[in-house]
Every structure is written in C-alpha cells, then in structure tokens.
Amino acid sequence: MKILIIEDEQEIALSIKNYFKDNGVQCETAKNYKQALNKIDNYDYDCILLDLMLPDGDGFDILKELKRKNKTEGVIIISAKENLETRIEGFNLGADDYLTKPFHLAELLVRMQALIRRKNFKGNNNVVFNEIKIDIFSKSVTVHDQKLDLTKKELDLLLFLIGNEDKVLSKGTIAEHLSGDMADMLDNHDFIYAHIKNLKKKIHQAGGSDYIKTVYGLGYKWENE
Amino acid sequence: MNKKKLLHKTTQSFLIYAVIILLVSAPAFYFVSQWLYVYETEEVLLMHKGEFLKESRKNFTEADIKLWNKYNRDVVIVPDMGVTKDSIVGKMMFDETAQEMEPFYLIYAPVDINGKRYTYTEKINLLEMEGMVYSVAFMFLFIIIILLIGIIWLSKRTSVKLWQPFYNTLHQIHDFEIDKNKTPQFPETNIDEFDRLNKSLLLLTEKNREIYKNQREFVENAAHELQTPLALFQTKIDTLSQLGLNEEQSNLVGSLSTDVSRLNRLNKNLLLLSKIDNEIYFEKNDIVINDYINKHLDFFTEQAVSKKLSIITEFTLELQIKGNPALTEVLINNLFLNAIRHNEKNGKVIIRTLENELQFLNTGGKTLLNIDKLFNRFSKSNPSSQGNGLGLAIIKKIAELNQWEVQYNFENNLHIFSVRF
C-alpha cells in the first residue's frame, strides 16, 4: 500500500510515515504544492493525505488537478480549518474524508484503511485477522466461522483495534474514535473499559484468541501472539 | 430609586417658581392697589376742598351754607370744629343708603366764609373702591395664571423638541452591543453640545469596538495558531506510545495523552466561542429537541455509567424549535454533559420538555450555585472538575445568539438549567 502525504509541517508528515510503516503502509511526502503536483503526475497512490494550507498553493487546487487528470486516488483532507464551508467545499471537489488537526495517528490510519477498502471494493469487503473475519458490508463478524453478536460500538472498536495492529492505543484515542462527532465533548474515557471487556468476552466465548492486551497506565493493544 | 425625567425636572422648577410668584404677588398687589386707591381718595378730597374754596366761598352767605348742607350729602359745611389745618381720617360709619356700617374716608379742613371760620367736611365711601380692587386683583391673577400656563406649556414643548437629539442618543447607546456588528447611528443635530456628545460617544464606541474586535481576533488567532503545535504534540505522543515503554513511562505518557486531549478540547471550545462571536453560523432549521436527545441518549448514558446515574426523560410534549442545528446540538450536549459532570454517585438526571422550554435537572451539590459567575468563561464551581469552564459560557452565547433565555434554579435539591426558546 502506497500513499502520498502532502503536508508542509515536516514533523507531522514524518510522524505519520513512521506510524504507518509498521502497518504495511509505504509513505511518500511532499512538502509543497509544486512537489505534490510533480509526484501526482509521476506516480499512482492508493491514497493521498492532503493538508489544505500549503506554502505555495491551496490544497483545493490539488483536488481540482486530480479531477482534471482523472486520477482516482482517495483523498483525506487533514486540516486545521474546522468549519462546515471548508468541509463541504472539500467534499465537492472530490475529497473522501476530512480530518481536523490535531488528530490521532490511529484514527488517520483506520480512516485511510476504510477508504482504501471502499475504493478497492471488488464484490466483497472483508477484513480478516487469523480466525476473525469481518464483513464490513453486512456488518457481521465470525470467529472460526461462528457468528459473533456484536453491538455497533463493539464492531467499530474491533475494526479500530485490528486496523492499528501492534500499536498501543491510549484510552483517549479509542474513546474519541468511538464517540465520533461527540468526541469534543468527552472528558471521561472510562466508558471504553466496558466495551473492551465485552468484546474480549465475546471473542473468547467463540473460541478466539485473546489479542487485546492491556498496556498499564496507557491503554490497549491488539497483538498477534 | 424613582428617578425623575429630565423634562419633568425643568417644568417642575417653572411650576414652583410660578406658585411662589402667585403667592407673593397676590397680596402684594392687593395692598399696593389699596394704598394707591387711598392715596387717590385723599387727593380727590383735597382737590374737592380746593375747588370749594376757589369757587364757592366769595359769595356764600349764611343761608347759602344751610342750603348747601341741605342738598349735599357728602360735603357739609359745619361751624368751626377747632381744626386748624387739613386732616384726613378713615373710619367706619353708618351708611343710610346701605343701612350698615361701611368704611369711609373723611376730610376736615378750616374754611373762612364771609370772615367767619367754618369747618369743611367731606366723606367718600371706600366700598366702591374695595370692589374695584377685588376685580382688578382677580383680573390680574387670571392673566398671571394664563401667562404661566402658557409659559409652562411652551417650555415643555420646546424642551421636548430641544432634548429630542439627546433622547435619540440615549436610545442608540441603550441599544448598543459591543459584540454586535452594529454601530450606533446618531442623527445630525444643530446643537453644538449634542453634536459634541454624539461625536464623543461615537469615538468611544468605535474605540471600544476596535479593542473588543482585537481581543476577539486574538482569541481566535491564538486558538488557530495552537492547532499546529497541538497536532505535533498529539502525533508525537502517539509515536511515543509505541516505543515499548515500561509501566512508569506508560503512566506518564498516558497522563500526557489525557492532558493533550484536554488542551485540544479547550482550544476547540475557544474556537467555537469565537465562531459564535463572529456569527459564522446563520442557517436555521426546524429541530425536534426530543428526537435529538433520544438519538444521543446512548452516548450520554454511557458517560453516566461510571457515576451510576439514572437518566430520566420526561417528554410531555414534542418540542420543536427553530435554530441552527450544529449550535443547538452543542447547546444540548453541553447541558447534558454538565448535568452528568456535576452529579453525584447514584444521582439522577431528568430531562424535561415543556411548552417552548427544555429543562435539565440534576442532583449534585447541595447548595445554590453562584448565579452571577455561573455563565462566565472559565468560571468553575468545582476547580478540580474535568470541565474547562467554557461549557456554560458556550450555552449562554448560543442562547444569546438565538434570543433564547437560559435560567438556573435550585429547587428540591435539584439543579435546574432551563432554556426557553
């Protein structure tokens, strides 16, 4: 999987690159408009992460350029701009998702995975992890072909954990992911404990392995034994 | 305190002046005119005597005097009474015509007729004069009253006209709100003082608006500028978490992570406040409050689990309002979280919809909160709480923007926050 990060803040680009590396995502970076156009012209990517404010141009122009060249890359806008107009304009110009800075790397990763899954959709849309099989389309989960009865939140949590395989996720990161639009309101992350416990129990009851590890003081980690 | 109106004040002094003038001038006028009349009467008596002396005495005989006295009622020549010079006296005498005692003025003067000394007496009834003085005084009073009423009325009318620009200015200043993009419009006036007042006020409001705007922009810019370092902070903590930390390090990074999300939340709330200040949200739609609350009840119930709160909805009727959906949601979310955050273990939250009113009732502290400070930014009733002290300020701002009314009450050990739409 190869993506392009168009971001003038080099440290952010680097953090993303490092974080994604272990999860099978190869990142290239472009720190300005010109470089970005150059790379888009010469290579194909699975996904593009786009910062709107670039030193020598507007991120929206890159979207227009992609459209003009009939490029089919999925685009996630990562921007500090947080208002409805910018969001709507971004989507109208062909962006697939919009993430406001600051964001969690884990969140960005699963959003990107979901986008690529949608783009590469060929009849089925499955996430498979050893004995666990998730059909995104029908929202059903099986362990050893045995159907699990998960709540919407638990399914969301499972996808988030698997997507961030081998990554330590803080409680806050998970809580904010599960809360979606309401994340800004949260001041207590304890509620995720119950979801983790239930998910663990359900997988265990279906004979699955215990992949969810507790990292004391920090959060949780999905780990392949 | 009951303050007087400017116009009443000016007319009031006129009135007091008029009453005093009336009270003083009426008796003064009476006495002056009486004195004048008495003076005139004396003059008349002296003049009559002089004329008598000049015309009559040369050819008067004893018999003529008798005849004179017979036909004159008021002027009588009597034998010498011993008066050596003219004397005038006033006394009460019996008047035959009126058959009662009446005031008279009399003159006694020595006259020599045919070498013999007589005394000339003449009397004038003052009663006629009295009547005249009364009617003159009455006329005089009448004129003064008419005059005063006219003056008061005119001054009131001109005052109203004169002060009109002042009242306009007052009205403008009253309606002035520093956080609204509306400058006060002072109409032109041709009175120098008002013109100067208006100019000074305009300058003052402009200056204040400028300062307010700068401050607002500062908050907005600061919040915006903070986003990038916050993003860096966030991604670095995410990266740091992956480095195989020991338990102590994990604890540190974990609490750092909580801190950064708190900072982040604070920053977003500040941005939201400045957005509301700038009135970026305008579009209004119909919103059914009950539906929104029902939709997000799960989320909030989840937040309330750790405190074992019971959330009770009392939707007696469907509450539909007109407002900006995003802002209304923020308002409800804040009210809801507020009720959860400041609650006690095993407490409860009651959500009630009434006619055009939404209420959140919650258990918690046993005392009334300080209403004055409650809705201020960064005012926290409990300094250790997780909230950032912006929730209620945001609620108030949103309500103000929509002209809704937020109220806080404490009844039956329940804190009640209500929004009237």
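FYI, residue positions are counted from 1 along the chain as it appears here.
Glycine is no exception: its Cβ is also placed from the backbone N, Cα and C atoms.
The average per-residue pLDDT of the prediction over the domain 'Response regulatory' (A:2-116) is 90, rounded to a whole number. The annotation domain 'Response regulatory' is assigned in TrEMBL to A:2-116.
Counted within 10 Å of its Cβ, the other Cβ atoms near A:D51 (4-aspartylphosphate) come to 23, all protein chains included. In the three-state DSSP scheme, A:D51 (4-aspartylphosphate) is classed as coil. Residues annotated as 4-aspartylphosphate in TrEMBL: A:D51.
Residues or ranges marked as DNA-binding region by TrEMBL: A:124-224.
Residue counts of the domain 'OmpR/PhoB-type' (A:124-224) by helix, strand and coil are 41 helix, 27 strand, 33 coil (DSSP-based). Residues or ranges marked as domain 'OmpR/PhoB-type' in TrEMBL: A:124-224.
Taking DSSP states H, G and I as helix and E and B as strand, the domain 'Response regulatory' (A:2-116) has 53 helix, 28 strand, 34 coil.
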